[in-house]
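Following: one structure in structure tokens, then a few remarks.
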Amino acid sequence: MKLGFVGAGRVGATSAFTCLLNLDVEEIALVDIAEDLAVGEAMDLTHAAAGVDKYPKIVGGSDYSLLKGSDVIVVTAGLARKPGMTRLDLANKNAGIIRDVAKKIMEASPESKIIVVTNPMDVMTYIMWKETGKPRNEVFGMGNMLDSQRLKATLFAQGARNIRKAWIIGEHGDSMFIMWSQADFDGEVDREKTLEQVRFVAAEVIKRKGATIYGPAVAIYRMVNAIVNDTKEEIPTSVILQGEYGIEDVSVGVPAIIGSGGVEKVVEYDLPEEELNALRNSASILKERLRELGY
Ligand code: NAI
């Protein structure tokens with residue numbers, strides 16, 4: 001099994017590390033515009049692997065041909081927002097990067113499943129899907145899985161136990177919401193407080209350490225694991241909707257079954273009106289952002 005990573009920065013390299021430790025990987029390829037960084041990360045990961053008696057082939061560089069034959073490619077290439085940069089400036093810059101990455105992936109490894117992580121992730125997932133021309137089950141985004149990990153941690157801190165299901169869905173951003181109707185755990189929590197805490201906690205991490213890294217790395221690993229081990233788990237994922245929940249032609253986070261086929265099914269719950277409206281609100285915000293970018 002081979003994993004590809006486009007973007008060998010903080011999240012790309014750490015998710016490669018997490019996958020390396022937890023999965024049976026034969027080959028890892030890291031591609032980054034910063035060639036030395038990708039080569040250096042590949043070397044460092046090789047040394048980490050040997051420490052647990054694993055000897056996969058790990059390569060790094062700026063040449064996309066390294067990705068050939070990857071089962072899954074995780075895309076974290078892009079910029080983070082810098083002071084003075086508007087949301088739209090960032091989206092424009094990263095959209096340009098994603099278009100370029102899409103073209104190069106299709107030349108090097110057109111069969112791979114692609115997990116998009118670059119922010120604004122839902123918008124970038126749509127652009128990747130459009131530009132690759134791949135079926136929607138093969139191009140999807142990671143965002144709500146991380147949001148849901150943050151939710152689980154917040155619920156636990158408030159005394160919730162045996163958390164069996166706790167999903168955040170919708171935009172990976174301000175309009176995301178908790179799917180309380182399907183949540184399943186023991187104990188009582190303050191719902192309003194929970195959503196506020198989960199929404200702002202990423203900004204708190206970024207303020208203190210500059211980026212979120214381990215949380216996303218584990219969420220990426222969980223999605224890669226579902227694909228390569230065909231677990232058919234339900235994982236909240238940004239998917240191009242084609243009529244589900246009355247939404248189409250936009251990528252937005254919904255519960256999905258992930259297996260060797262990628263997104264094998266969008267799970268359509270009979271949501272209460274409030275949650276359905278919140279999902280449709282996220283979808284319309286994301287459509288507007290896509291329109292701003294010319295899609
Ligand atoms: P980083 O700056 O550490 O890494 C980004 C890497 O992309 C850099 O190594 C850079 O050289 C590379 N890059 C830039 N342009 C490229 C191009 N044209 N081709 C190939 N590589 C290119 O950033 P970090 O912290 O790893 O974050 C990466 C992205 O992931 C950001 O957009 C961030 O906002 C997003 N993110 C998304 C999350 C989610 O839940 N969806 C969670 C955390 C981060």
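One-based numbering along the chain as shown.
Including glycine, each Cβ sits where the backbone N, Cα and C put it.
Sequence annotations record features per position, and here TrEMBL assigns active site, proton acceptor to HIS172. Look at TrEMBL and you will find GLY7, ALA8, GLY9, ARG10, VAL11, GLY12, ASP32, ASN94, VAL117, THR118, ASN119 tagged as NAD(+) binding site. The substrate binding site annotation in TrEMBL covers ARG81, ARG87, ASN119, ARG150. The annotation domain 'Lactate/malate dehydrogenase N-terminal' is assigned in TrEMBL to 2-141. What TrEMBL lists as domain 'Lactate/malate dehydrogenase C-terminal' is 146-291.
All features noted in TrEMBL, drawn onto the structure.
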| residue | record | contacts (Cβ under 8 Å, 6+ apart) |
| --- | --- | --- |
| GLY7 | NAD(+) binding site | VAL31, ASP32, VAL74, VAL75, THR76, ALA77, GLY78, VAL117, THR118 |
| GLY9 | NAD(+) binding site | ASP32, LEU37, THR76 |
| VAL11 | NAD(+) binding site | THR76, VAL117, ALA211, THR212, ILE213, PRO216, ALA217, ILE220 |
| ARG81 | substrate binding site | ARG87, LEU90 |
| ASN119 | NAD(+) binding site | GLY78, ALA80, LEU90, ASN94, HIS172 |
| ARG150 | substrate binding site | ILE168, VAL198, VAL201, ALA202, GLY215 |
Close to ligand 1, in the sense of Cβ under 6 Å, among VAL11, ASP32, ARG81, ARG87, ARG150 as binding-site residues, are VAL11, ASP32
Please give the NAD(+) site's span as the largest CA-CA distance among GLY7, ALA8, GLY9, ARG10, VAL11, GLY12, ASP32, ASN94, VAL117, THR118, ASN119, to the nearest whole angstrom.
17
Tally the residues of the domain 'Lactate/malate dehydrogenase C-terminal' (146-291) by DSSP class, grouping H, G and I as helix, E and B as strand, and everything else as coil.
71 helix, 40 strand, 35 coil
In the three-state scheme derived from DSSP, which category covers ARG81 (substrate binding site)?
coil
Distance in Å spanning the most remote Cα pair of ARG81, ARG87, ASN119, ARG150, given for substrate
23
Across all protein chains shown, the one of the recorded positions ARG87, HIS172 with the most other Cβ atoms within 10 Å of its Cβ is HIS172
Please spell out the DSSP helix, strand and coil residue counts for the domain 'Lactate/malate dehydrogenase N-terminal' (2-141).
71 helix, 26 strand, 43 coil
Based on Cβ atoms within 10 Å, give me the single least packed residue among the binding-site residues ASP32, VAL117.
ASP32
